[in-house]
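Asker: Pulled the feature table from TrEMBL, pasting it below:
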- Glu464: active site, proton acceptor (ACT_SITE)
- Thr172, Gly211: FAD binding site (BINDING)
- 23-42: compositional bias 'Basic and acidic residues' (COMPBIAS)
- 46-156: domain 'Acyl-coenzyme A oxidase N-terminal' (DOMAIN)
- 168-278: domain 'Acyl-CoA oxidase/dehydrogenase middle' (DOMAIN)
- 308-479: domain 'Acyl-CoA oxidase C-alpha1' (DOMAIN)
- 521-684: domain 'Acyl-CoA oxidase C-terminal' (DOMAIN)
- 22-42: region 'Disordered' (REGION)
Amino acid sequence: MSSDAAQRLAFVQSHLQVAACANKEEPKKKTPQESMSEEREKATFDVRELTYFLDGGEKFTKIREKFMMELERDPTFRMYDMYDVTKDQIRERTMEKFRTIVHYVSAEPLPIFTMRMQTISLIDPGFWTRFGVHYGLFFGALRGSATSSQFSHWVSKGALALNGMVGCFAMTELGHGSNVAGLETTATFDEASDQFIIHTPTITATKWWIGGAAHTATHTVVFAQLIVRGKRYGTKSFIVQLRDTRTYVLMPGINIGDIGKKMGRDGIDNGWIQFTNVRIPRTNMLMKHTKVSRAGEVKEPPMAQLTYGALIQGRVAMVVDSGNIAKKAVTIAGRYAAVRRQFQSSPHDVQETKLIDYAIHQYRLMPLLAQAYAFHFTGVETQKLYDNLMDKLESTKPGDASMQDTLDTLKETHATSAGLKAFCTWSTLNAIEACRQTLGGHGYSAYTGLATTYNDFAVHCTWEGDNTILTLQSGRYLVSCYREALAGKTQPEGVSYLNHLDTLLNLGCGAKTNDDILNFDIIQEAWGVVTANVVKKAGDDFDASLKAGMSPEAAYEECSQARLAAAKIHSFGYIFRRFAQAVKAAPEGLRAILTKVCFLYGLYSIEQNAGFFLQYRYFTPSQMDFVRSQVNVFCREVRQEYIPLIDAFNYSDYMINSPLGVYDGNVYEKYFDQVKRQNPVGGEHPYLPLIQSLLRRDIEDDEPLEDDEEDEE
C-alpha cells in the first residue's frame, strides 16, 4: 500500500473513531420515579410483613385498606381541593360526611368503627373532631357518667344513632380551661320544682371553644358547680337541650355564638354558650357517681377518683394520633427527599445529589422516622393500658378486695397518659414543622400538606388539658411514687425503676468497650438511672419545701421546674422501653431493621439530653462522644432502607394528600398539575381595575436624568 493510501485510510479510521465516540451514550439521568424505585430495591425485609406487625395483624391491615378505598371513592370525602375552600364550605362538607359515617355507627363493632375514625382523622381531622365531639365526648360522658336507666333513656332519644339529637361537650369556659374544679357555671337545685337551674353568672363563665355548639348541637353535657341548699358539691355534669330539634330555634335562656376563624380544623363549628337561669329536670344530672334525690339529699361516691376514668380517653387517643400524624409527615418529607436533587457531591457526577444522601439531611429526617415508630408502639401500649383500666373500673365495686389495685391502675394510667399526651403532641408538632422545612421553599405551599397538618395538629397541645399542666400532673405523680418507694411500697411497671433506687442512683455504665453500649439493656438502664436521679431531685425539692413550712400545694408549686424535667426524662425512657419491647416481640425477619431504628431513637434521645447523662455520671465524656458518633452511623444505616420503612406505614396517596409525598415519586408533574387545576390560567382577573387605575394614573413628567459620569479627560 502506498503511503498516500495509508494516510487516507488512517484519516478515515480517525473519523470513524471520533464518530463512534460521539455516538456513545452519555450516562442517563434518573427520573424521580426511577430514583424512588432504586430506594425500594434496598429493602432487606418484607415490607408487607412490617405493615402487618404495625397494624396488629393481616386482618387489620386489610380492614384499613378497605376503609381507605371506600373513603377515596366517596365524593363527599374528596380532599384534593381542601386547601382552597372557605370556612363555610368546609363546614357544609363536614355535615355532608355525617350522613355517610352515621350508618357505620350501628353497623360495625366498636373496635372496627374506631379504626375507621382513626383512618378518617388522617385525612380530615376537622370532621374527625366534629364527629368525635358527639361520640367521643357527649356520648362518652353518657356512657361514663349516666346511670343505666339514664343511658337507656338518652339512647332512645337518638344519642347513639344521631337521630333526634346532636350533642356537644360544654366544659371549657372563657376564663377556665384545665382547672375543671374551678369552673364558674352553676347548677342550683330547686326542690320546689324538682329542677336544676343552669346559669352563667359571669362573662368568664361563658362556655368557650365548644365544638359543634355554633350551628350543629341540639343538646350538650354541661359541667357546672352543683349547689344544693346553698352548699357546693363540686363540678358535676348535666344534660341541657340547646335547640328545638325540629326548628333549630334556641331554647329559652340559651344564647349561642360562633367564636370565628381558628388556626386550623375549620370543619368544626366551635361556639360560645351562655345560660340564663335555664331549668332542666333533676334527672338530667348524670348520676352514675354523685346522686341528688327528690328530697335534695346528695350522695357522693365512696371513691371519687373513679369518676376520672372518662377524662383519660381523649388523652390516650392523642398519643395514638401523634404516632399516626408523625408517620404521615415523615412520609411526605421522606419521599420528597428520595427524588429531590440539589447540587453535586462530586464534579464528576452526571446528576445532582439526592437530598437524602447528604449527611445533614439524614440527621434531620432519620431521627424523626425513628420517633414516629417509637410513638406508634407507645400508642399501642397506652391504648392497652387504658382498656385494662376501663375493664377494671367496670368490674370493680366499692368494698371489693381489688379496689386498691384498681385505684393504683387509675393513678398510673392517668399520670402516664397525661405525660405522654403532652410529650408526644409537643414532639409531633415540632416534627411536622421540621419535615415542612426539609421541603425547602415548597414547604410554604398549602398544597404540599404539611402547613395545614401543622395548623390542624397544633390544638393537640392545648385541648384535653394544656400540655404544661399535664406535664406537671405527671411530675406530681412521679414525686408521689418516689416518696412511696422510699417508704417501701412497690411501684407499678411504668415506674419500676423506682423499685431499685438503692442500686440505680449512683450507677455508672458498666460497658467494657464502647461497642458494648449498643445493647437494649444498657440503654434502658441508662434511662432508668437518669430518670431515677431526676425524679429524686424533684422529690427532694418537694420535701425541702415541706420542711421549710410550706403547704403541700405550695411545695409542689415550688418544685415545678424539677417536676417538668422529671416528667420529660421519664417520658423519653418510657417510650424507649415500649419501642424496645415491641422490637423483641417482632417477627424474626423484622428484628434487624427495627433494632437499628430503635437504637437510633434511643441514642438520639440520649444525645439530645446529654447533660443529664453526664451530670449523673452514667456516661463518661468519651462514652458520650461515642453515642454521638453512633447517631450518625445509625442515621446512615436507617437511610439505606428508609423508603421501605415509610412504605410499611401503608398510607395511600389519597391519605397522604400531598403531591410531594406520592408513592411513585412523580412529584413535580403532580405538584404542577394540582396547582394548575386549583388555579386555572386565563380566568377573569379578580382585581384588574385596581391595577389599571394604578398604572394609568396621571404622573407629572420628570426632568430627564442627567448623566452624572464625569467626562474622561
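Cβ coordinates are placed from backbone N, Cα and C, and glycine is handled just like the others.
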Asker: For the domain 'Acyl-CoA oxidase C-alpha1' (308-479), which stretch among 46-156, 168-278, 521-684 has the most Cβ pairs under 8 A?
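Answerer: The stretch I would name here is 521-684.
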Asker: Which entry in the list of recorded positions, Thr172, Gly211, Glu464, has its Cβ near the fewest other Cβ atoms, using 10 Å as the limit?
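Answerer: Ranked by other Cβ atoms within 10 Å, the recorded positions Thr172, Gly211, Glu464 bottom out at Thr172.
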Asker: Calculate the per-residue pLDDT averaged over the domain 'Acyl-CoA oxidase/dehydrogenase middle' (168-278) and state the result as an integer.
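Answerer: In the predicted model, the domain 'Acyl-CoA oxidase/dehydrogenase middle' (168-278) has a mean pLDDT of 92.
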Asker: Please work out the helix, strand and coil residue numbers for the domain 'Acyl-CoA oxidase/dehydrogenase middle' (168-278) from the DSSP assignment.
Answerer: 6 helix, 53 strand, 52 coil
Asker: List the Cα distance (Å, whole number) between Thr172 (FAD binding site) and Glu464 (active site, proton acceptor).
Answerer: 10
Asker: Pull the DSSP breakdown for the domain 'Acyl-coenzyme A oxidase N-terminal' (46-156) and write it out as helix, strand, coil residue counts.
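Answerer: Looking at the domain 'Acyl-coenzyme A oxidase N-terminal' (46-156) with DSSP, the answer is 96 helix, 0 strand, 15 coil.
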Asker: Could you state the whole-number distance in Å separating the C-alpha atoms of Gly211 (FAD binding site) and Glu464 (active site, proton acceptor)?
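Answerer: Answer for this pair: 13 Å between alpha carbons.
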